[in-house]
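Asks: Just passing along the structure, written as C-alpha cells.
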Amino acid sequence: CLHCTSKNKKALIYITYEQVILENKEGLFDGLPYLIYVSREKRPQYNHNYKAGAMNVLTRVSGLMSNAPFMLNVDCDMIVNNPKIVLHALCILMDSQKGKEVAFVQCFQQFIDGIKDDPFGNQMVTAFEYIIQGIGGLQGPFYVGTNTFHRRNTIYGLYPHEIETIIKGKSEENILIQQFGSSKEFIKSAAHVVGGNGYSANDITPSNFIEAATQVANCEYECGTFWGKQLGWLYGSISEDVPTGLNIHRKGWRSECCTPDPIAFTGCAPGGLLSTMIQQKRWASGLTVVFFGKHSPLMAMLFGKIQFRTCLSYFWPTIWGLRGAFLVCYVAVIAYCMIANTSIFPQGLGLWIAISLFVIYNIHTLLEHLTIGLSITNWWNNQRMCVMRTTTACFIGFLSAMLKLSGISDTVFEITEKEHTTSDADGNNADAGRFTFDESPVFVVGTTILLVHLAGMVIKLLGLQPSDSGNGSGIGEFICSTYLIVCYFPYLKGLFGRGKYGIPLTTICMSSVFALVFVQLCRSNIMS
C-alpha cells in the first residue's frame, strides 16, 4: 500500500509504470504479462464521464502497451472462476466460419455471496437464464458492462468486414488524429488496428510509454475527438453498457453467449435494500436517457442494422424507468377508486378475464423459478421486489432522467456498495435478508404508496366511501390494493420497527403529508 501526497503521487505512478515495463522488456517469454494500475487525471472543469471515461482511458493505455486484438472487461468485484475462460472466448472470436462477425463474447454474472432465496430480488438468476440467453438467438446478448471479451477494432468504431475496405485506401494521418486524438504513439497503434494488420506488440520504449500513457490519460485528450461519440464506450448515460452494446449491434456486429462449466466469473450482489435501490435507480435513470436519446433501439433499427426482434428485446431494459412511471400512475388510480368508490375494472365476466391473466402470469413465473431449481420463497421475493423497486427506485430514476433530458439538472452517479456478507462463528448473519431503511427519497415514495392504500382500505372497510352511483369499486380494486399492501409488507413492518430496521420518523411524517394531500384531493374531487 503506497501512501503519498498529491505532489509526488504522479511520480510514484510513473515509477510503477517504468518498473513493470522494464520487467517485461527483458525478453523473458515465461515472464508475467503486462500489469499496471492506471490513475487517470480528473479536473472539475472537465467531465470525466464515470465508468465509460475510465474504460476509454484503459483502452488507449492498453493500445500503447500491447495493442492486443482482444480485451477483457471485468468489474472490480468480479472473480475469475474458470481458468480456461480465455480459451473458451477466443474459440468463439477466432472461429473460422463466423468469428469475424462477433464483436464481443458475454459471460453472465453469477453471485457467490447471494443471500438465500434472494430477499432483495437483485441476483437476476431468471433474467440471465431465460431472457438474456434467449436474446442470444437473435443478434446476440446485451453487453452488461462486465465479464466481456471485446474485439479491439469494434471498440475503435469499425463495422464488420470494413477492414478489407480500409486496406485498399491508406488511412490519412489527419483523419486518425481527428478520430483518436493527437498522441503520435497511439495513432501508430490505432492505425495498426484500423489497417487490419495482424497482431504484433508495440516496440515502444518504457520512457516513451510513460510519456504517451500520461498524454492519452489526460482529461483534455478526448476534446474534439470521436471518443465517447463514435469510438469506445459511449457517453451521455450513466448506464454506459447498453448504449455501447446497442451501438455495436447497430453497425451489424453480433455477440455471443459463453456459459462454460464451471461458470466463468462470480461476483458480489448488493447486500442490502438501500444498495439495491441505489443500483436500480441508477440503471433506470441511465436507461431512460438511452430510450429517449439518439442511441435508442428504435433509432438503431430505423437507421442502423438492428433487427426488429432485437429492437424489441432492447426495449425490455430501456423502459424500466418508463414502466415505473406508468405503474405509479396505475397504483394511484387504484387508490383513487378505493377512496372515491369508483371502478376501472369491468363487471361480471370481464373481471374474471383480468383475474385469469394475473393468475396465469404468476403460475408461469413460478414454474420458471422451479424449473431451474429455485424455491417458492425465491419466486415470491422476486415478485414483491419487482413491485417495490419499480414503483420507487425506477420511478425516481425516471424523474431524474426527465430532469436531465430537459436540461434542468444532471444525474448523479451513485456507487453501489457490494460488500461481502459477514457472518458470526456459526456461519449465520442476523442482518442477512432483513430490510433496513434510512431517509432516502426512495423510501419516501414507497411509504407514501403504502399509506395511501392503507387509507383506501380503511375507508372502504369502514363504509366511509360516497354512495354508489352504479359503478362503485368492487372485488377487482380490492384485490389489487390488497396485493400491493402484501408486497409492501416489509414497509408495513418498518413503520413499527426500531433503529435501522424502522422507517425514520422524518420519512413517515413526509409520507403522511403526501398521503393526506392525495386523500384530500380525491375526496374534494368527489365533493365537486
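Each residue, glycine too, has its Cβ placed from N, Cα and C.
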Asks: Which one of 6-23, 312-329, 474-491 shows up in TrEMBL as transmembrane segment?
Replies: 474-491
Asks: Between 80-97, 386-403, which stretch does TrEMBL give the note transmembrane segment?
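Replies: Here TrEMBL associates transmembrane segment with the stretch 386-403.
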Asks: Just to confirm: which same-chain residues, 6+ apart in sequence, have a Cβ under 8 Å from the Cβ of D75 (Mn(2+) binding site)?
Replies: G145, T146, N147, G267
Asks: Taking the transmembrane segment (503-522) as the reference, which of 351-374, 386-403, 442-462, 474-491 gives the largest number of Cβ pairs under 8 angstroms?
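Replies: Stretch with maximum Cβ contacts: 442-462.
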Asks: Can you tell me which parts of the same chain pack against the transmembrane segment (474-491), counting only residues 6+ beyond its ends and a CB-CB cutoff under 8 A?
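Replies: That would be 273, 331, 334-335, 337-338, 343-345, 347, 351, 354-355, 383-384, 387-388, 435, 443, 446-447, 449-450, 453-454, 456-457, 460, 503.
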